[in-house]
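**Student:** Dropping a structure here in structure tokens format, bear with me for questions.
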Amino acid sequence: MDTEMVGRHKEREIVLEKRIHINNGDDIVCDCMLEYYSTPPKSEQPDSDEDRKETNQPPEDWLPITQSRKGNSWTATFHLLTSGIGIQTLSLPLAFMYLGWFWGIMCLSVAFVWQFYTILLLVDLHESTSTTRYSRYLQLSVAAFGVKLGKVLAIFPVMYLSGGSCVMFIITGGGTMKLFYQLLCEDCSTKYPLTTTEWFLVFICLAILVSLFCPNLNSLAFVSFLGSIMAVGYCTILWLFFVAKRRVDGVTYDQSKVAESETTRMRNIMNALGIIFLAFRGHNVVLEIQGTLPSTPNRSSSNLMLKGVVASYLIIAMCFFPLTAAEYWALGNKIPANGGLLTALLTTLHHHTLKPVVGLLYVQVVVSCVAAFQIYGMVVYDNLERAYASRKSQKCPKLTRIGIRIFFGGLTFFISVAFPFLPSLGLLIGGIALPVTYAYPCLMWIAIKKPPIKSAMWWLNLVLGCLGVGLSVLLVICAVWNLACVGLDANFFHPY
């Protein structure tokens with residue numbers, strides 16, 4: 001027995017010597033967790049096939065998200081801005097039209113603080129154990145809730161938020177390309193018209209081409225830099241433009257004139273809450289972004305990620321709040337109910353007098369959509385390559401990686417053409433995925449950190465988690481109610 005214990009002790013020392021080395025003569029860098037702990041003893045080996053599959057995972061440096069851990073707080077900031085600011089931001093003033101100044105600002109502030117808090121929880125949970133980095137949302141969910149429940153709770157929302165967001169980028173980006181072409185070439189656009197489907201194809205070809213030059217998430221740093229600049233740019237230009245143009249004649253802020261009945265007013269209020277709470281996105285890629293950062297005993301990845309989170313969300317706040325307040329101040333109840341800011345520019349403000357401004361906005365929206373497509377698509381690429389590597393027990397070859405990206409691009413293009421009305425269902429499906437942002441991080445923190453029962457942090461996270469689940473149910477009911485009252489223009493295979 002003593003000889004066996006000495007042998008195990010020597011084995012630990014050998015593995016430790018292999019896995020820990022000196023980086024640049026200063027820091028001790030841990031490339032991955034010790035082999036001794038990655039392979040559990042026979043008494044702790046999983047019994048079921050599903051559990052064995054969970055433990056038989058390919059090395060992290062084979063997969064796109066964790067292939068390169070050379071990021072820094074700047075790259076994390078760019079990734080967070082690109083994934084956090086989207087076209088849904090332009091619908092926020094519509095929520096103010098239904099809620100008014102006081103409740104609009106109050107709800108937007110609550111949503112911002114709430115989702116910022118849950119991001120901090122995810123950053124803290126990324127390295128919550130000494131032997132494992134949870135570089136994917138699904139991994140953290142499985143660690144917190146178990147294999148079966150973790151997959152049930154997280155796999156659909158996470159994959160929808162990744163793949164579904166890419167479909168939205170195609171619809172938005174392709175449609176904006178069409179508007180830009182019509183604006184730039186008014187005469188030739190009628191002689192050589194491209195259908196909306198063809199513009200979707202142009203967008204996805206551009207997105208696939210960019211993805212082929214970016215094998216992993218860290219290699220998207222420059223793309224995210226451009227995307228973040230463009231996203232912040234169109235938000236800033238828009239609110240400055242509305243402030244400079246001042247208020248439209250006859251502007252009112254009376255919510256009673258927006259709805260004809262109390263039932264309609266109640267439905268509008270629920271829609272406004274959905275718009276506000278679903279405007280904040282990106283939680284399903286936060287752990288993945290942190291997975292691109294290095295971690296050493298002297299400096300954890302959480303420190304670098306925290307700097308990126310604080311910087312990016314200060315900028316996001318400076319985009320969301322002025323943009324929403326400026327448009328509502330300028331247009332009041334005249335905000336188009338089905339288009340947001342870009343429609344307002346085209347209709348209320350007569351875009352033919354602002355052709356350079358509108359053209360610049362269109363370009364910024366397209367570039368932002370292409371960049372965001374890469375970040376959300378990388379989550380899907382990672383899952384597909386993980387499946388291949390687990391089955392073949394080898395790193396995904398270059399040709400297979402290219403095939404995966406083309407396959408995913410083709411699939412999202414097909415869905416965008418087959419279901420071009422998906423943005424109309426955003427409140428419904430977004431309500432289903434809302435716990436990823438507002439509920440699951442709080443509950444996972446309790447499950448993994450195990451704070452004392454009935455302590456302040458235990459109560460805070462439990463209450464927020466339950467409220468997040470309740471809000472999700474409420475928004476889904478509201479979305480179904482809204483569809484029953486208003487209806488749905490299901491234009492299958494016929495994008496406008």
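Cβ coordinates are placed from backbone N, Cα and C, and glycine is handled just like the others.
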**Student:** Out of 13-33, 55-75, 76-96, which range is noted as transmembrane segment by TrEMBL?
**Tutor:** 76-96
**Student:** For the transmembrane segment (219-244), name the stretch out of 193-213, 304-323, 402-422 with the most CB-CB pairs under 8 Å.
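**Tutor:** By the under-8 Å Cβ criterion, the transmembrane segment (219-244) pairs most with 304-323.
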**Student:** Checking distant contacts: for the transmembrane segment (402-422), what same-chain residues at least six beyond its ends satisfy Cβ-Cβ under 8 A?
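**Tutor:** The answer is 163-164, 166-168, 170-171, 174, 196-197, 200-201, 204-205, 207-208, 211-212, 377, 380-381, 384-385, 388, 396, 429, 488-496.
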**Student:** For the transmembrane segment (162-181), find every same-chain residue at least 6 residues outside the stretch whose CB is under 8 Å from a CB in it, and list them.
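**Tutor:** Those are 86-87, 189, 194, 196, 199-204, 207, 281, 284-285, 342, 359, 362-363, 365-366, 369-370, 372-373, 376-377, 379-380, 408, 411-413, 415-416, 419-420, 422-423, 426, 429, 495, in sequence order.
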**Student:** Mind checking which residues reach the transmembrane segment (428-448)? Cβ under 8 Å, same chain, six or more beyond either end.
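**Tutor:** Same-chain contacts beyond the ends: 114-115, 118-119, 121-122, 124-125, 128-129, 137, 140-141, 143-145, 153-154, 156-158, 160-161, 164, 274, 277-278, 280-281, 283-284, 422, 458, 460-462, 464-469, 471-476, 478-480, 483.
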**Student:** Under 8 angstroms, Cβ to Cβ: which one of 102-125, 265-284, 360-381 has the largest number of such pairs with the transmembrane segment (76-96)?
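**Tutor:** Selected stretch: 265-284, with the most Cβ pairs under 8 Å.
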